[in-house]
């Protein structure tokens, strides 16, 4: 069996190498990658990947060549189905866990702190993310498989476990059960570690000696694999970091595949790597101008960006408008706000009808809907004063990270908090923290990335030591504004409540730093899979770490929710993020800096960037969230897949190059962006910059387009002001595509 496995992998690898050499440089990379996103037909029980696959992953981490995978036919389907059980009804203390002596009227009390994990049943052949690919999948050429075939299709019939720590627990459970069977100890009273599903009973007296020895040998191999995993775990790292490192390694391979297939694929790969992986870059800081030098002489004694505004003088409880702001279209606005509890609220329409006050209107509506004003004794005039002051500190001239985005994230978080699976799970204070964090999470955003601020030696980067620069600034401004006149909406909270809320808000907003994405995803997936393996299907959420982890991922999902919204909204968000990226690219060009990935308006592929963004970032995140709240997020996943297919269909087809061009493309592959991901935080690779500059200098990309803003003002923004004759001729031979605005990740 071992020889057969090696032969298959060897043949697959050869086929992969031959196909890679034959592909055209400008061929669409994502069509080739589609077979890797396997379709799950059903999910009925938890299942470990075969031991041979797990050993391949382990071997990939080792430098010793003698570590040969040991295949096994050990039956692994011994883990429990996710059962529905009662949630714990005790209260929860943010600092100290459950508290039996808390009054039912205490806003910190939760009616139920347990989250029930539901079994994943059949759902319409949806593709799975790259997280469910085994290491052996990477040896298969994307060109050698049809769209509907997958080597992993048999494996994925059940709920496959992919996080290493959960795999170790499941494997040890297998070892325990087989040990009990081999030693005739099955008659003992069942314990919490006994199998909770229908496992075929094995009796030593009824099986042959050969089968007995085979089962014993394979059980020993499982135990060896567990020991190998645990030996690599360092004491200073958490078990969820095992998953984080694994996911980063898998994403690294995916991006390397993508970068080798086309110039635009290389650009998308570089963007995803630079934005969503926690990597440090050595940069050449340009010499500051005289004006900048004079500006930096001022002491950093105050939080920058805070403006003195007066909204409270004209507000009294008796004259507060119905939705917090004055508007001549109150009835129409009321009609739109009827969808405030639904996914896909038309937030751009809300902005138009409210005089560009969507954040104030939506926050006020949600606070009324959830009765938070009464629960926390918040004066309505104080709430409106704070919200208008906060909204004024979002920059109207920033295309994406503005008050409309903040309102969208607030409303999305509100809907996610209301999902049936999370009913009665979180306390009122936790709900308040999540909504408040969503409202302030991008306040005073300058429209450039953290890396831009670091590269330009900005005052903010100096103040926050290059660590989550913008996220720290958003928090500082959001809390500082509470000190303005009649703005303290938390004035009637107890000291303990206020401290707890502040801690939660800080943890949630810092988690919106996109460079922390893979760590967040790995933590959530490890927690979900571990609970599936070790319990009857209930996440107790009886400690602060678990609860804040769910809230962090919830707001992170809301922040990356644009591709899951109706296509009309998604396209508008795409236009906006690309406009913001291009403005940053223009500033970098003016300064003589290297232009950041996806920020060069002369060389950007909007459609391919969205497909890659969904495949490698959004889909894995929402797939994991949907696992947590199953089946509540299935419609969201369906919309995400539909939107992905739409952008896929709009990718223009490039004509096949001549043989000479093809040969030239092969030679150029050695200059492609190379992803050398170092998993240890202290020694990240920074080789991307040198090789990535090759791509940015080439402005003849045929994927540049005109961005059609579908806002209320319907403006048209030319992305290519000067296009080379070859690119023009190439575009004329293809159908013209209008790329609308939409969602792209927070930078």
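Any Cβ shown, glycine's included, is placed from N, Cα and C.
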Which range of 1-28, 29-56 is region 'Disordered', per Swiss-Prot: 1-28
Among 393, 395, 401, 517 - the residue Swiss-Prot places in the same AMP site as 442, 559, 562, 610, 613: 401
According to Swiss-Prot, which candidate in 405, 473, 602 joins 441, 442, 559 at the Zn(2+) 1 site: 405
Range annotated as region 'Disordered' in Swiss-Prot, from 240-260, 261-281, 282-302, 303-323: 282-302
Of 326, 559, 613, i.e. the recorded positions, those within 10 Å of residue 405 (Zn(2+) 1 binding site) when Cα atoms are compared: 559
326, 401, 405, 441 as recorded positions, winner by CB count within 10 A: 441
Predicted model, mean pLDDT over the domain 'PDEase' (325-654): 95
Distance, residue 610 (3',5'-cyclic AMP binding site) to residue 562 (AMP binding site) (CA atoms, angstrom): 11
Candidates 326, 441, 610 (recorded positions) - the one closest to residue 559 (AMP binding site) by CA: 441
Residue 442 (AMP binding site) and residue 613 (3',5'-cyclic AMP binding site), Cα-Cα, nearest whole angstrom: 21
Residue among binding-site residues 442, 559 with least C-beta crowding, 10 angstrom cut-off: 559
Assigned element (helix, strand, coil) containing residue 405 (Zn(2+) 1 binding site), judged by DSSP: helix
